Every structure is written in C-alpha cells, then in structure tokens.
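**Student:** Let me begin by handing over the structure; questions about it come next.
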Amino acid sequence: MKMRKRPNVLLTGTPGVGKTTLGKELAQRTGLTYVNIGDLAQEGQLYDGYDEEYQCPILDEDRVVDELDEKMVEGGAIVDYHGCDLFPERWFHIVFVLRTDNTQLYTRLESRGYAGKKLQDNVQCEIFQTIYEEAMEAYSEEIVHQLPSNTPEDLERNLEQIVQWIEQWMKDHN
C-alpha cells in the first residue's frame, strides 16, 4: 500500500451532534475531502432495503466500503457517519466521537422532524455512549477521542484542535 500524504479522519456520533457542520468546515480549512456517508449512499443508491420502523433506507455497508476504499487508500478524507464499526480499521488515523447534552440533542432532533421511537432511540444512544463504545471496540483506543459538541464555542475549539492535529500529522508523515 502506498504511503498516504494526508490523514483520514472519522467524525462519528449520534445523529444531531454536529458532524456535518464540523466536517464541512474542517474540509474548508484543511483542503481535505469531506465525505458524508448518507449523501454518498443516496447518490450511488447504496441501499439494501427500507426500514419501516425508522422510516429510512437501510445502508448497504459492503457497497459503501467498496465505493470508498480507493479514496481512503489515497488519504485526505474526512468521513462523516453516525456509525463507525462498518469501516475497516486501517482506513483512519484518528476518530472523533462528537457528544451532545441529551436535552440539546432532543431539541435538535425534534427540529429535524424526528419523533417517537426514532427520537427516543437516538437520545438513548447518546445517553448510553453507544457510538463511543462502538468506536472504542472498532479502533485502537489511542486514536479515539470524544469531543463536546454543544455550543458554537465547542465547534470552534474542535475545529482548532482537529486542524492542529491534521497539520502535525502532515509534518510528521511528509
């Protein structure tokens, strides 16, 4: 495998924690490529059916991984998705799990039209640190970091921290 000149970053967390906002801004500041898995799946119709209970398409994880593999080998990707154990461990140099206070998360998801079981399950997912635990199991502990994502100040702090990390990684690996 050829040496990557730019790192791959995974932004993960419960829906509504701010992955997309952070990811798009990070891509602008660093020149890395932003990849939203939901958008990628929609564009390529990478689905394996429809979930009636949650009213959403079911991701075809194998096809998503196949679709992205070449890009990930090149490096320089910021991947945004609410799950993380579907991606090969070798893809990422660092994993950030965004965390949001559950009352705030509830409000954010409600404003997106989430209701009933879908709303409750996502808030519970955050309370029980489900995505963080999934990340800790899927990747080496040293590369998994939790970041608070409640306020615009948190967003700015997270941006600065990740940009610094990316710059340092590029100095160390080029």
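In case you wondered, yes, glycine gets a Cβ from its N, Cα and C as well.
Found this in TrEMBL, in case it helps:
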type	residues	note
BINDING	GLY16, GLY18, LYS19, THR20, THR21, ARG112	ATP binding site
REGION	36-59	region 'NMPbind'
REGION	111-121	region 'LID'
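Please go over these features one by one and say how buried each is and what sits next to it.
**Tutor:** Below 8 angstroms of C-beta separation, residues 20, 23, 67-68, 79-81, 86, 117-118 of the same chain, each at least six residues beyond the ends of the region 'NMPbind' (36-59), sit close to that stretch.
Taking Cβ pairs closer than 8 Å, the region 'LID' (111-121) reaches residues 15-16, 53-55 in its own chain, all 6 or more past its ends.
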**Student:** Within 8 Å of the centroid of the Cβ atoms of GLY16, GLY18, LYS19, THR20, THR21, ARG112, which other residues of that chain place their own Cβ, given that this set defines the recorded ATP site?
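**Tutor:** Neighbours found: PRO15, VAL17, LEU22, ARG108.
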